Structures are given as C-alpha cells and as structure tokens.
Amino acid sequence: FLQDFSKAMSQAGSSQFQEVIRQELEYSMKVELDKILATAHSNEIEHTKKDLEGFKKLFHRFLQEKGPSVDWGKIQRPPEDSIQPYEKIKARGLPDNIASVLNKLVVVKLNGGLGTSMGCKGPKSLIGVRNENTFLDLTVQQIEHLNKSYNTDVPLVLMNSFNTDDDTKKILQKYSHSRVKIYTFNQSRYPRINKETLLPIAKDVSYSGENTECWYPPGHGDIYASFYNSGLLDNLIAEGKEYIFVSNIDNLGATVDLYILNHLMNPPNGKRCEFVMEVTNKTRADVKGGTLTQYENKLRLVEIAQVPKAHVDEFKSVSKFKIFNTNNLWIALSAIKRLQEKNAIDMEIIVNPKTLDGGLNVIQLETAVGAAIKSFENSLGINVPRSRFLPVKTTSDLLLVMSNLYSLNAGSLTMSEKREFPTVPLVKLGSSFTKVQDYLRRFESIPDMLELDHLTVSGDVTFGKNVSLKGTVIIIANHGDRIDIPAGALLENKIVSGNLRILDH
C-alpha cells in the first residue's frame, strides 16, 4: 500500500490528489483513535486524550513530509564561535558562590528504556553496573554528593515511560532518606501503526498482556510536551529553577559540570544561551552519531536517518563532520515553557520500523530531544572531553566500566590514573556474552585491563579469577569447542583459538 501510495503520489504529481489521500488517511486515523479513546475508564480519559492529540499532530506532520528532511546543499559547517572548546569554558573558572548557581539547576535523566538489548527485564536503569550499584544508584549518589558538598538542593527528575514507571517507582522508596528530591513524570504513550494500512494496531486503550506490543514511548523528543503537561515544569520554575541538565541514564559520563553551568548562568557576553549541546570528537566507532551543522542560519542537529542516501558516506566521514551529539543537553526552563505554549518546538520525525513477534510490520513515529536545538535562541555547542560520553549499551561497554580502567568516587566514574593513555580499549564480546546474566557467569572476576588496547572474544569462553589482558588479545572458540582462560593467566598480544591454543600475536 505504501509503495502504491508513493507511486501514485509521484505519478499524479497533482497536489490535489495527494491532498485527498492525506485527508482520507487522517480521517481514518481520527476514527480509529476515537474508538480507542472510547474504551478508556473515566480516570484515564484525560491523559489518554492528551497522548492521542499529541500523536495526531505527529501523524499529520508525517503525512506532510516527504523524503529526508534536510536539503544537503544547505548544510554548512557551524561558525567557529558556535561550538566552543570545553577548555575555554573551563578557563573562566568558578564563581565564589557555587551554591547559588547549583540551586538553579535540575538534573533530568531519560529513563524510558528497558534493558532488553542486554537480556534484562525491567528498566535499564536498574541493571547493576559497578559493585552492585545500578545506573540509578550512581545517579543519586552523584547528586547527593553535590548537595552535601555545597549545601544545595539540586533535584533529580526521571522521565519514565509506561514500560519503566511501575518498577522505577517501587525502587525509589529506597532513596527516601537520601539528600535528593526525586520527581518523575511519564512520557506519552503512542499507538504503533500498521505499515500497510497506516492505522493503529491497538483496538482499545489497555497496554498489558497481549496489548503491550500495540503501544510505544515516542522517543526522548517527547520530553518537552510531557514535562510541560505533567505540571512539573511550572512547579520547578516557581521554585526558582532555571536550567535542566538532560542526559541518558545509561551515559555514566554525564555528570553535572560546574564550569558549563557557570557559563550558562553567567555568560561572558551577558546574553544567556537557551540551549547547550555537549558534542565530542568522532572516532571510527561513532560514525553514525548525529552531528551539529549550520542550516538556514541556525545550529541544527542532523541525524543519519535524515541524510539523503547519496550523502551517507560523506556524513559518516570523520574529516568533514568531526563531532557528534553526546545527548548531554542544558536547556532553559523558561524557554521550554515559552516554546511549548506557542507550539513552536520543531523536531524532525524519525520513522522507526519494527517487526513484531508475530511477524507484523509496524512503524512508530518518534522525535529526538536534541533536534529541537534550532527552535531555541542563542544555542551553543560545547566540545567536551570524550570522558563525558560513556554510554553502556552492550555488555562490551559494561565490561569497560566494571573494570579497573575506572575508579568510582561518589557515584562518578573516572579513568584510572594508572592508564597510560586516555582512550578506552576497543572491546568486542561475542553473542555468548550478550545477556547480562550470561556475561556475569563467564567472568569469575573482571580481568585487569589497564594495559589493554583491543579485546575480541567469540564463542564459548570463560575467564577465571585475576586474569590480566594487555595489548591486543583475540580469543576465538570454534563451534563446539570451549576455552577456559585459567585463573591468574596473563595474556599479552595473544591469539587464543580452538581448545585453548595460545599463540603470540
């Protein structure tokens, strides 16, 4: 249907014909959404209505837009002063009264994601990362440390999704005596739509049991509307808060940076930034990350999905686009309120195709929080050290943060001073390590990795206690074979294959 639709669109070329089809699709969607809303209980009607209204707007825009949403010819390198080096921001030092700037800050963590890609049920933020501490524990410890050190009141706000809300709220009770006020609000809940018919697959409002696959949280770009709708935004403004620092809860490098905060609160030219995006230099591992460009005289985030196919390689090049978005963002609360009330936050739509367990092809329409940068006044990129981008997406990432490469202090991870160079080793663990519980079972203790450059592990491999890995280590167990690295082993520039044959690399 979609192919026929787009074919008809291009052949007819008549905007009238296109408009008729669009109106029909929108009308059919409205009918279906009204049916869904009619199944809501009285206590659900209000927020379900808000969710479906938001979805309708997104669907309307989806039907209007065609093809990649950027005109490649208009993309320019950002002007020199629009992306500042972190060193320059840091060189300004800190004000005498740090508490006064900290008291204007709110830390927001994006906590809508599940740990499914790492084989865990429940919120990703509850996966143990370091000495039994979860992502959420580390976040609370960091903010508690700030509040104790400076005698301040920086609150933590979690943006949950309907997938993570219940489990997160249960766990929050354990922090009731910590020195951090914790608030939560929920992302919207949008209906997945059938790729062929472009209609919702949900028949009613429920999202449990067999209906769990009918709904999705629409990406972190939803933060502006749902934060505003929750009433929390207004409450925080009323308390005198001025900026939020937003980051992914699985980015362990995203700690509150006092120098950036000071730059926002006390700008050198007197004009405050409404939006700061932390970017960092690309390496070969980051070629898909979104990048900051200049577009129609505004800073604009361009994601790989928006790039016309012919230019994807150029987009990935490390020489032309040297930086990428870490998704650590500093945003003025008053600006969010102003733009939200004017309905003026413009984010490109990300069309995310999924295949459900039963084989049905659906699409979900999403937006990304950083894409809104072009709607804010006086935006700025700050090129921060790589250490502020430490996401844990896979068990390979988990191995790095659990190892002696990092030391843990007040909830923050810092690279060990014993590591001679500041880059992290490249680690690739095979499919036997994908799930957290399998991964944990295969390491009796985490190896010493201080002098490691590169580790590749494939097949059925286990590690005994106190193993040391140095240089380049490649361990490959062939199908049906098993390799047990003995306790206390030192592997330096080694290739291990078959049933434990150790070769020099």
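Cβ atoms are placed via backbone N, Cα and C, with glycine included.
Heads up, TrEMBL stuff is auto-annotated, nobody curated it.
According to TrEMBL, the feature UTP binding site maps to K124, Q187, G219, D250, K393. TrEMBL lists H220 with the feature substrate binding site.
Taking the features listed in TrEMBL, we show where each one sits on the structure.
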residue : record                 : Cβ neighbours (10 Å)
K124    : UTP binding site       : 24
Q187    : UTP binding site       : 28
G219    : UTP binding site       : 23
H220    : substrate binding site : 23
D250    : UTP binding site       : 23
K393    : UTP binding site       : 14
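Among the residues K124, Q187, G219, D250, K393 said to bind UTP, no two Cα atoms are farther apart than 21 Å. In this structure, the CA atom of Q187 (UTP binding site) is 8 Å away from the CA atom of H220 (substrate binding site).
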